[in-house]
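For reference, the structure is listed below as structure tokens.
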Amino acid sequence: MYFKPNFEQFLPKKEDYEKAKKALDYIIPILEKTPHIYDVFVGGSYAKGTWLGRDIDIFVRFPKKYKGQNISIYIEQTLKEHNVPYIKLHGSRDYFQTFYEGLKIEIVPILKLDSPLEREFVTDISQFHVEWVKKNIKGLENDAKYFKIFNKLINTYGAESYLGGLSGYACEILTIHYKGFTNLLKGILKWKPKVFIDIEKHYSNIKEAINELGKDKTASPLILIDPVDKTRNVAASLSYKNFALIIANSYLYLNNNILYKINKSDFETMLEITFRVEETKEDIKNAKISRLTRKIVNYLEKNGIEVYAYTIDFDKNKSYLWVCCEKITIKTKHLGPPAWVNLDKFLEKHNKFFIREDGRLYTIINKTFSVYDIKKVYPEIESIKFLNNNPT
């Protein structure tokens, strides 16, 4: 689906900043009462000046002598004492979500460090990300916002494995590297796997980086070395599909001021699959739906039903597939026994047969396969139905 983007409508308004300030004025004094802390540190895109108005990250920093200890319990204790409603989420350390007039605030415990090398968990280096971006992005804040919006609009935003896109931090690094939104899109048109960007020159070349990081961390089409941590590829989760989608949309926007994204409204025959997923943690649930969808697509195509395109609605636990047909009948080999085992029974059923090199008999039969057969294979499927033109 082609569309003309309006980036301005996604930028935060004056009232968004006013609400954010009120939220911080409310929650920070409470968090500052947490026992044993070093300080409370506003981080994320809000601190960097690249905020899009959706949520705010607050880091509660503890002295590094607390490395190895459960520092999350001190934050939870403070939230309880001050009657702050919260949701506890599990990660390398437990962290917390609360809401202020609909604005989501994430409260993350980290260690106050002098160097990223001292980290206990990846979240500990977030403070260095903030410092690096603030130092280098001056004058390019809106450009970074535009590139984030660009990726959100074409569904290539988000570094979670099930999304396979670019993180906000990756968008900021790329904006800084190319010195602006338009220059970045022009630079993207020259991309071919593997793109190697090492803005702080931690490595002399891509070969050295791959040898140091290993194949798993450098399997993505874009190797974007973290400016503050040479052991990380910030674009490690970027899929080749989304890499290509970013390149294609850079061309479309620069030449025609339009964007394109895969949309179920383009599907002539749309098969809706609803999943029964009991997992409550969003990341795990969505990753499971993504894996199941890919397995189903492969299973359908293996059985002769071509899938032209598909998309996933994680909020509704649904996948939408554009398939060639509802069912298909194909000729397939039906394997029988060796000629010296139960030959009579096989010939009673099949008067035409062939013999393999190993002596086993086989015949050719017509096999009918329906899209509805996948429900027998994947018990996680709750329902299957066609939403528009039911194919024949």
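Cβ coordinates come from backbone N, Cα and C, glycine included.
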Same CTP site as SER45, LYS48, LYS148, TYR157 according to Swiss-Prot: which of HIS129, HIS177?
-> HIS129
Which single residue out of GLU106, GLU118, GLU120, GLU131 does Swiss-Prot record at the Mg(2+) site shared with ASP55, ASP57?
-> GLU106
Where ASP55 (Mg(2+) binding site) and SER45 (ATP binding site) are concerned, what is their Cα separation in Å, rounded?
-> 9
Going by Cα-Cα distance, pick out whichever of the binding-site residues SER45, LYS48, HIS129, LYS148, TYR157 is nearest to GLU106 (Mg(2+) binding site).
-> SER45
SER45 (ATP binding site) and ASP57 (Mg(2+) binding site), compared by Cα position, are separated in whole Å by 8
